[in-house]
Amino acid sequence: MGRFNSTFPRPNGFVLVGFSEWPRLEMVLFVAVSAFYIMTLLGNSAIIFLSRLDPRLHTPMYFFLANLSFLDLCYTTSTVPQMLVNIQSHQRNISYPGCIAQLFIFLGLGSTECILLSVMAFDRYVAICQPLHYTVIMHSRLCQQMAAVAWGTGFSNSLVQTVLTFLLPRCGQYRVENFFCEVPAMLQLSCVDTWTNEVEMYAAVVIIKVIPVGLILFSYINIVRAVVGIQSPEGRKKAFNTCGSHLLVVIMFYGSAISGYAYMAPKSNSAELKGKLLALFY
């Protein structure tokens, strides 16, 4: 503790501890995360531009995919550049308003992605299970409304959780045990009982994460049933290919998201490092 305090004097805002206790790991992460961040920027930007420029891609599937790509661009940008700057400069400080903004944006985008993935699963369900009515059901106005609901719900949830989190007194605690500001790590700084906040947080998890997962599972159960009934092997392969990438994103996103809530329990150093790496993957 003394070594940490001497290395990082008390700031006006917060200190993002990150991976500072593992300096060799930080340099490896700096190279790896920089490379993946550049690929994320290029890949998602390419998807957005292609879906806008190519008239053949002006379909509901690519409309939602462009939304998802834009969301992921903002999602990674809300945390990764700050982490890379911290590793390079060894300055872990983040201002109080900066921490609020980062938590609000990150949580809002994460919540939006949960709902958007369920919307995309519904789109695939209609395309495969109701192909003759697809263009009638998934008209442009409905797609825009569904996207708007996803963004609005995500950031409404973020606003509530951000306000409740920063209303808690911290009694001089300023070390955030992560590389970015997020709700579980901020709750650990509170010097009062956070039971109400934790109940609200897990209630939000049920609404924002669990219910969309249920809708995704329902969609894919019906999709599998429909695909099994297709007589042509080429038709089955095409149907599975259109859903495979979305299903992979769902598994990776929700798998790491569920692991991220392990921060609420006391941890050893090894478990704490594992938790931070899971948050980084998320």
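All positions are counted from 1 along the displayed chain.
Just so you know, glycine gets a Cβ as well, placed from its N, Cα and C.
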Transmembrane segment range according to TrEMBL, out of 127-147, 148-168: 148-168
Recorded stretch that, among 27-50, 62-80, 100-122, 148-168, has the most CB pairs under 8 Å to the transmembrane segment (202-223): 100-122
Dominant neighbour of the transmembrane segment (62-80) in 27-50, 100-122, 148-168, by Cβ pairs under 8 Å: 100-122
Residues from the same chain, set at least six apart from the ends of the transmembrane segment (27-50), whose C-beta lies under 8 A from its own: 19, 57, 65-66, 69-70, 72-73, 76, 80-81, 83-84, 87-88, 280
Taken over the domain 'G-protein coupled receptors family 1 profile' (43-254), the model's mean pLDDT: 89
